[in-house]
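A single structure is presented below for examination.
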């Protein structure tokens, strides 16, 4: 099917026999998407408006929650349209763009979590140097890099994918994640190498850096008093929970693309939803409840509204 190289549209066949449930799924996912937008945006707004939250840790949290909104928006609007459409199709260029955004934003999350771990390390292990190291200019440079570096990595993969011949227009998925590679006529060695480099630079190295940094932090905490341990742990544990959750989802995204075809379409559909269903809601829940300063400001915000 080499003639399909110039195909304008791809068919998303991962929805299976969802016609009789499509309005139910639309209602559920629309509600979740609205909750994602509202919950993340509210905390970002509170951090922006509250002067005493203009510290590196809270700025990184705001960046992470904004990233969650972009992450969800990469998938949800198109998915909602597909639920109310007779045919689930996507243009080839839109598929490439969704692929680029999904993995670029995903890489940004890992780098942001690594930046947050570094911030906590300096704050707890090098408190006298904190103001010198974590200056406003340093924070700005970190924020630029965490969005720029993943975009460069994934852009290279996306451009190479766009130039690779496809022999199939029927994609066994509900959005353009790494299932997209199954459409290629021949497995590209260059794409494989780029994928491994992206995996190493955007996932494995930031993840290892974050885990080892928190291990160092917890070793320091055990050598200090109980009150210091409790206060420091309150700021570290939410970041660690988010990292563990997102690392699991990243591994799940790789695994789900390789699930054999004998799994029913409905089962595969439900499994694929897990990649983006609850994570963007998990972050504001963790930071809204576990971070005392944010939790206190949230209560004030809602009480004033009432």
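Each residue, glycine too, has its Cβ placed from N, Cα and C.
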If you check TrEMBL, which stretch out of 121-138, 139-156 is marked transmembrane segment?
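Comparing 121-138, 139-156 with TrEMBL, transmembrane segment matches 139-156.
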Would you mind telling me which of 164-189, 190-215 TrEMBL tags as transmembrane segment?
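Comparing 164-189, 190-215 with TrEMBL, transmembrane segment matches 190-215.
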Thinking of Cβ pairs under 8 Å, which stretch from 96-118, 139-156, 190-215, 236-254 has the most of them with the transmembrane segment (266-289)?
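If we count Cβ pairs closer than 8 Å to the transmembrane segment (266-289), 236-254 scores highest.
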Ranking 23-48, 96-118, 139-156 by the number of C-beta pairs under 8 Å to the transmembrane segment (190-215), which range is first?
96-118
Give residue numbers and ranges for long-range contacts of the transmembrane segment (96-118): same chain, 6 or more residues beyond its ends, CB-CB under 8 A.
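Same-chain contacts beyond the flanks: 57, 60-61, 63-64, 67-68, 70-71, 74-75, 78, 90, 142, 145-147, 149-151, 153-155, 157-158, 161-162, 175-177, 180, 198, 202-203, 206-207, 209-210, 213-214, 217, 239, 242-243, 246, 250.
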Could you tell me the mean pLDDT over the domain 'G-protein coupled receptors family 1 profile' (39-287), as a whole number?
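Looking only at the domain 'G-protein coupled receptors family 1 profile' (39-287), pLDDT averages out to 86.
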